[in-house]
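For 98-168, the entry in TrEMBL reads domain 'Disease resistance protein Roq1-like winged-helix'. If you look up TrEMBL, you'll see 604-732 marked as domain 'C-JID'.
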Amino acid sequence: KSHAIGFIYEVDFPSEDLCLEIFCRYAFNQNSPPEGFEKLAVEVAGYAGSLPLGLNVLGSSLRGKDKEHWMAIMPRLHNDLNGKIEKVLRFGYEGLSSKDKTLFRHIACLFNLEKVNDIKLLLADSFLDIDIGLENLVAKSLVHVRLDIVEMHSLLQKMGKEVVRGQSDDPGEREFLVDSADICYVLEDNSGTKKLIGISLDLDEIDELHIHENAFKNMPNLLFLKIFTNTYMFEKEVKVHLPDSFDYLPPKLKLLCWDGCPLKSMPSNFCPDNLVKLTMKNSKLKKLWEGSRKLTCLREVNLWGSENLKEIPDLSRAINLKKLYLGFRLSWVQRPSHIRKFNNLTNIGMLECTNLETRPTGINLEYFKRLNLRERSLLCLENVANFCIENLKIEKLWEGMQPLIRMGTTLPASLTVLFLSDIPNMVELPFFIQNLNTLTDLRITRCINLEILPNGINLESLERLNLNGCSRLRTFPDISRNISSLYLEETAIEEVPWWVEKFSKLKYLVMQRCSKLEYVYLNLSKLKHLELVNFSHCGALTGAEWNGYPSDVAIEAEITDTKLLASSSLPDDYVSKVHFSFVNCFNLDLEALLEQLSFEKLILPGEKVPLYFTHQTIGTSLAISLLQTPFLPPFLRFRAGAVFFFNSLSKFGVNGVWIDLQCRFKGRLGNYSDSTYQKEYFSVNQKGSHLFIFDCYIHVNSQNDLLSEVEVKFHFSCDASCKMKGWGIRLFENCSSAENRLGNPNSLPRVCEETEQGEECRDREKQ
């Protein structure tokens, strides 16, 4: 701005493939890692965080080193910042004012990926001039603000932590603690000091922690305490031990986040008056504190998963409370009647509160944006934007409410989300939904007797429709033409009608386990935004057909990694590339499916590589002779297929396979060039053999030499026990006139290979 620059073009980070290529140029003096270094190169390149400077420094430092040295250096790369990189990055930090340096360290140690407004609230009385400070950090590219989220690059974050680590050799004398070993030492040894203002402990990095009874008594200035896990529902058990005599938490705390807290109640002398955010997910708490406290700073309370909680504290004086999450199997007996006083509350969640004897009354929901109700956590509905009912086994929700079939008179017209689940007495969806013109998300799941949907209506705002588990539903839904995500798993639908092509915004169509589905036809020339189609486990499915051939625009967008595919102004002849999945569809005509021209990835059942793939091997590479012609296209297109066998499922119930494919082009004069890697990922939730098929587009660099051979290299890794049973490719190349070039929807591609009799090109004919 000081130089009168009005428009700034922000250069994005290079793609993952380009990062690996840049790194390999410095590490190996070639575009790809040599054999045996593939995984190591990917891992080390990842430590650079897509920063070209980091790729340069790390690659150069490892040039000429053997594999053992690479493996030995890994722990240091994970924890420490390379000295040369730190020196360059620190230059920008040293140019900051004292206040901006302090803000930088707060973000690096505590607030990376936090919302701007949350940071402002937590640092409200710190005299750091947050607005100006963030503006200065953004101007120096030390942080970015996207979608109101503050984001700091991983290497800059490491540098900030190094600055804090350099404050003292004694961890307790620093302003922040973020290293798990240092935190465990301080909490177990009771060596904290008044200099500490923030602690952030990732429980996933430790196995056990014994906290001293006086661990926090020497930290009177502690403002931020985060003890958290990134796993869902505590998949990894971490034993945190507190002595019975533990009875103190710092009085100035603004942020208290303690996942899985073993306390049964907060310390008797705990002062919550300064709290801005209180998060105690999956805790052992039975209650928090006694009496009414001055809680004017409190903006968010999250007690999710605290199943032992018998009551919530008196929050009547928390006049600025915005978010209240009290949910998941709470066992309340006393009613939280003071909730009715929260005029500023925007989000509330109360799920499966099975022992709630009386409902809160008189609640002012004027500003509510989200409300989830399950079982007997009952509230009024006025001005609610999100509405959820699950496991409803009674005809009336509460006294005065009309039966479910007529509840449309109760639901507000401003509703954006309607979620109805496990309601056995629902046979038809009430016609009142035609009045919900702002509805964006409609989920009606596991309503096993639902048979009838309204016809002839168009919910103009509806984007997502989920009817999974409505096992008696036979008709394909036609309640909106604006849907982008459509989920119809485990329904009785028998066909996908032709008029689905009118769903012009459709991106995802998922119809797994539809036992009566027999045939599918999709007009891809109309469904220009379609990305994923899943008909897995549809045992009656015998045929699937989709028209169209991927247009030049689609191919070019994939090769050049452009974002045209997300554009809303696609050309009329655009045909998308789609990921199709037919796991366990054993009655499908395999040969007919392989003749389909437009797909990005295809998953099929299969025990062996089909003969359709003219070049096959069980090894890691294929060498194929090419026609020595000056008319080769700028890219080589071929279709690849591989069969994998899984004898078990991963602990997450899904098996994933990462496939890396690379081409080495050899010229008649002996020159060669390597392409970048084409990476593909496939996932299945079924053991046994699966056939994975994908189309490849490889840029051809002939280096002014006629190409004579291409060597295709195939590497894979998987997250469960698997075996690659074989793989193969089928080449599709230009052979003669422009009419036969790839992307022409009026002509089929031709297969060209060199034979003993010379050039052989043959048209692909449908079987």
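Just so you know, glycine gets a Cβ as well, placed from its N, Cα and C.
Residue counts for the domain 'C-JID' (604-732) under DSSP (helix as H, G, I; strand as E, B; rest coil) come to 0 helix, 80 strand, 49 coil. Residue counts for the domain 'Disease resistance protein Roq1-like winged-helix' (98-168) by DSSP state, with H, G and I taken as helix and E and B as strand, are 43 helix, 7 strand, 21 coil. In the predicted structure, the domain 'Disease resistance protein Roq1-like winged-helix' (98-168) carries a mean pLDDT of 93.
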